[in-house]
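Enquirer: The structure is given below, and queries will be raised subsequently.
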Amino acid sequence: MALSCALRLPRRRLRPLSALLSSSLSGRDRSLVTEKKTAAKWKEKKKAREGCSLPGSSWEERLANTATPLWRLPYQEQLQVKYKSQRKILQTLTSHLEELGVDAQKPGGLCCPLQPVVSSPVINGYRNKSTFSVNRGPDGNPKTVGLYVGTGRGQHTTRSWFSSLSYKCHFPSAQCYEEFIRRSPLDPCILFHEGGHWRELVVRTTGCGHTMAIITFHPQELDQKALATQKALLKEFFTCGPGKVCALTSLYFQESTMTRCSHEQSPFQLLHGEPHIFEEVLSLKFRISPDAFFQVNTSGAEVLYQAVGELSQAGRDTVLLDICCGTGTIGLSLAHQVSKVIGIEMVEKAIEDARWNAAFNGISNCEFHSGKAEAVLPQLLSSWEDAQPLVAVVNPSRAGLHYRVVRAIRNCRAIRRLLYISCKPEGEAMRNFLELCCLPDPRKKLAGEPFAPMLAIPFDMFPHTVHCELVLLLTR
């Protein structure tokens, strides 16, 4: 999961799960998530996030309580808290499946066994990616670079950084960026409609000693000459000036008029250093582009991928379908045990990384397709021969899988085993679980045999936070 270090507290409420599957519920109240339950859930999450943020607490403590609400607990107690949370999620899934007419409850009251939370090999300083925002600090200075603390009018950006979460080299980069923008005559861009230019900083680091910094800038009405001046000043500051202490491997600049921009929408411009950073996972070397997805806990990712390989039970006659493959980490780490890997990813630069990674590591049984999974996958599976066994692994963003992706998986008889990896199983992923497991519904073109949950394993990829990465094994 890509937990944003900006830590803006979510305000959006999930749409009722019944919005998509309401036709399966008849003669009863079709709302699977009521307003009251939703409000209670967000209240509980807010309480967990705020932890002990008492008015008298220091900004350091308030930041720690916001970013890492479990930091005061011994690690084994953190795992217990997370286990209870994941159990509630499985209880919700079980309840929803029964409402859809699926006989889901097994001994223990859940739709499938829930394993204990797998601990992270690294508990402190595990994050390889941090996102720092530009906003008003506690002292009112609008050119403060850090993390959000508080909500609403009480929200500030604090420069303090709690060491239990991120790599130690991230904070100095944020300090240097703050120093640079405070020297700059240009204003920060806090709200788009109020103008300003300087926006967030993303820092990515690897175990190979590489550090990439990505600065987002709103161009407003600046011409190309003025933009070139700012880019030159940034490069000079981080290569010859005070920012040299950051020892950046790569310095990128992106002109963005939106909250988030892809490389295709607004190219990442390399101001200094190498175009990529590199990481090693399970004895393989991976190239990473600025906007490519990579698990934020590298050591935890190794444990996760090894477990996925065991759960897949894929053999030499099996084709592994890696959906939302990013830089190809899962598929490439399992390529040695299958006949072929087919990866799909919408970020074009990530696919370029995946192809480079395969070639560099001498792996020849992989092919990677660039494009939205909902467009690529149905076309790939439409002509698939049932004689070729398929195992599918999906690792989508918090938004979950597009309905057409679920439908393509569901209607492909060759897929008998599916591993769904979710950083937010209580969100849109829950909708996917129901679509995959509900009874056949010709009106929604879900004619294929339903999947059944067989096993759930939570992985603690985010120590000190309330989040887990859940792997749900589905078979049919």
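Placement of Cβ uses the backbone N, Cα and C atoms for every residue, glycine included.
Bear in mind that the values here come from a model prediction, so they are computed numbers and not experimental data.
Checked TrEMBL, it gives:
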- CYS423: active site, nucleophile (ACT_SITE)
- GLN295, GLU345, ASN395: S-adenosyl-L-methionine binding site (BINDING)
- 317-380: domain 'Methyltransferase' (DOMAIN)
Enquirer: List the same-chain residues at least 6 positions away in sequence whose Cβ sits under 8 Å from the Cβ of ASN395 (S-adenosyl-L-methionine binding site), in sequence order, or say none.
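Expert: Those within reach of ASN395 (S-adenosyl-L-methionine binding site), by Cβ under 8 Å and sequence separation of 6 or more, are ILE323, CYS324, CYS325, GLY326, ILE330, ILE421.
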Enquirer: What does the structure give for the C-alpha distance between GLN295 (S-adenosyl-L-methionine binding site) and CYS423 (active site, nucleophile)? Integer Å is fine.
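Expert: GLN295 (S-adenosyl-L-methionine binding site) and CYS423 (active site, nucleophile) have their Cα atoms 10 Å apart.
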Enquirer: Determine which residues of the same chain, besides GLN295, GLU345, ASN395, have their CB within 8 A of the center of the CB atoms at the recorded S-adenosyl-L-methionine site, and list them by sequence.
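Expert: These residues sit around the S-adenosyl-L-methionine site: PHE293, PHE294, CYS324, CYS325, GLY326, THR327, THR329, ILE330, ILE421.
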Enquirer: Mind checking how the domain 'Methyltransferase' (317-380) divides into helix, strand and coil residues in DSSP?
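Expert: DSSP composition of the domain 'Methyltransferase' (317-380): 30 helix, 16 strand, 18 coil.
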Enquirer: State the Cα to Cα distance, in Å, between the residue listed as 'active site, nucleophile' and GLU345 (S-adenosyl-L-methionine binding site), rounded to an integer.
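Expert: So the Cα of GLU345 (S-adenosyl-L-methionine binding site) lies 17 Å away from that of the residue listed as 'active site, nucleophile'.
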Enquirer: Counting every protein chain present, what is the number of Cβ atoms, excluding its own, within 10 Å of the Cβ of GLN295 (S-adenosyl-L-methionine binding site)?
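Expert: Its Cβ has 25 other Cβ atoms within 10 Å.
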Enquirer: Give the number of CB atoms, excluding that of CYS423 (active site, nucleophile) itself, located within 10 Å of its CB.
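Expert: Its Cβ has 22 other Cβ atoms within 10 Å.
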Enquirer: Just to confirm: which same-chain residues, 6+ apart in sequence, have a Cβ under 8 Å from the Cβ of GLU345 (S-adenosyl-L-methionine binding site)?
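Expert: Once residues fewer than 6 apart are set aside, GLU345 (S-adenosyl-L-methionine binding site) is near CYS324, CYS325, GLY326, ILE351, ALA354, PHE368, HIS369, SER370.
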